[in-house]
Amino acid sequence: MIHAEGLRKRYGEVDALKGVDLDVPQGTVCGLLGPNGAGKTTMVRILTTLLRPDGGTARVAGCDVVADADRLRHRIGLAGQHAAVDELLTGRRNLVLFGRLYHLPRRTARRRADELLERFGLAEAANRPVKTYSGGMRRRLDLAASLIVAPPVLFLDEPTTGLDPRSRLALWDLLRELVSDGTTVLLTTQYLDEADRLADQIVVVDSGTVAASGSPYELKGKVGGGRVSIAFREVCDLSAGVEVVRGVLPGEPEIDRAERRLTVAVEDGAASLIRVAAALDAARIDVDDLGLRRPTLDEVFLQLTEVTEVNAA
Amino acid sequence: MTVLEPPATRAGRLGWAVIDSLTIAGRTYSRLRAQPGELAGFLVFPIIMTVLFGYVFGSAITLPGGGDYRSYLMPGIFMQVAALTAVSAATSVSEDMALGLVDRFRAQPIARSAVLAGRSVADLSIHLLSVAMMALCGVLIAGWRPHGSVSETLAGFGLLALFAYAMIWIGTYIGLFVKNGAQADAATFGWLFPLTFLANAFVPLEGLPSWLRPIADWNPMSAVVSAARLLFGNPGSAAASWPLRHPVTATICWSVLILSVFVPLAVRRYRTATSR
């Protein structure tokens, strides 16, 4: 549904994108993840026809983003970092306005506005000016505006930045609903848990290139086998445990005294876990909890973007 | 929902562009309805200027060629209000840019010129409303009368409107560069307001020092004021320069020149503009 090859963009001296590929199948969510200035927004702006790429090609919903821009604009919705709605107009008037600008007949535009206001829990506030809305309500209106023509492809640039947790969860639910109806979503985010929960595929961009991509599960596997985590009953067991772990595993354990927990990064997850379990048993150390966990997406993200930063320097 | 296709023919595209412009113009009217104070401001400012200049300064100024100062003044105030349309155009365009609303418009299948064109038409119609208010005040308070024929009077207002429309596009272009409404105000009002005084709007040019005189003579605003005085049959002063001897031609030339420079510049800037 979204297919990009070798996208490049330069702003003066800065290479914002240095040849990015992207492939998002229909009905899935792709999370574009990266630090500030990585090129996420540039990517979205190119795919939504707001910016012309300097090189490479991209097709969205079967339309070339440069040659077929006008046809494409009928098939996409965009919700940006700011709630791009008219503060002075009422919620309903905003949606009718945007509907009219999609060339919907007046009556259809009104009906669609009312449907969306209902669905996004804004029916009661429909006739109030947007400047009286809370941040969450504005974002919902913004999202509603991007869904007026029920576009097959939806672009969301940091949709939950600055939202309170409740509004965030509500927005996630709405997105899941849209995706189950077949909408393809590309979202950029700085929140790893958001990508972890919503995205079928994550593309980590850093300094204008793709640092890694895959499902959240695959990405977590990419940065090494995982972490062996051991919790002990007593503090003295912890000290003894550290010695045992050092004896059997190459990694240096991280120690959390308050939790009486030890964590160590390993290459070959399960095999290391078995070796540690055997060694602890042989040393007769009481263990409260012993497990192997995949790295969190935060750890993946930091590791991936750190590597490219070092390379860049 | 069925996906609409853009029209294949040139005429179809033009039709969409017109409809889009009207939709955008409708938005401007809705905004005004939402803040009646703004509209009141548009209407009150000209009235204040009429009263202020007509009565406060009017009593102290005598025209070299004779004639009633308040009748001399009205075309000047008409021109000043027309020139200052650039300020509100710049402010509103810059606010849309800051809000990211322009991104939404640009990601929608709207004719590229429609957002700016719709806005300029709406701004012009609001301006005409305030001109009507001013004319009424002029007649009632200042004793101003157009002495020309009906067609001359209409031509006078037509020229003022043409000049206002040109100024709206200057303001639109500036509005696409600045970051917010306050900057937009500074980047337009800051030079426009003084410039309206460096013309024959309020005082005859005969009294100006000789180094300042050519600037005022060639100021497009002077031509506009002279043209309006000519067509309204209001008292004017001796014309020394070419634009002031042919004020109607000069006004049309200046306005067309401004439009042919700033419309393409603004539309081009809008296509590539980003909200940040």
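Cβ atoms here come from the backbone N, Cα and C positions, even for glycine.
As recorded in TrEMBL:
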DOMAIN    B:37-273  domain 'ABC transmembrane type-2'
TRANSMEM  B:39-57  transmembrane segment
TRANSMEM  B:77-101  transmembrane segment
TRANSMEM  B:121-142  transmembrane segment
TRANSMEM  B:154-178  transmembrane segment
TRANSMEM  B:190-212  transmembrane segment
TRANSMEM  B:248-267  transmembrane segment
Verify whether three or more Cβ pairs under 8 angstroms connect the transmembrane segment (B:248-267) with the transmembrane segment (B:77-101), leaving out any pair fewer than 6 apart in sequence.
no
Out of B:39-57, B:154-178, B:190-212, B:248-267, which stretch has the largest tally of CB pairs under 8 angstroms to the transmembrane segment (B:121-142)?
B:39-57
With CB pairs under 8 Å as the measure, which of the listed stretches B:39-57, B:154-178, B:190-212 comes out on top against the transmembrane segment (B:248-267)?
B:154-178
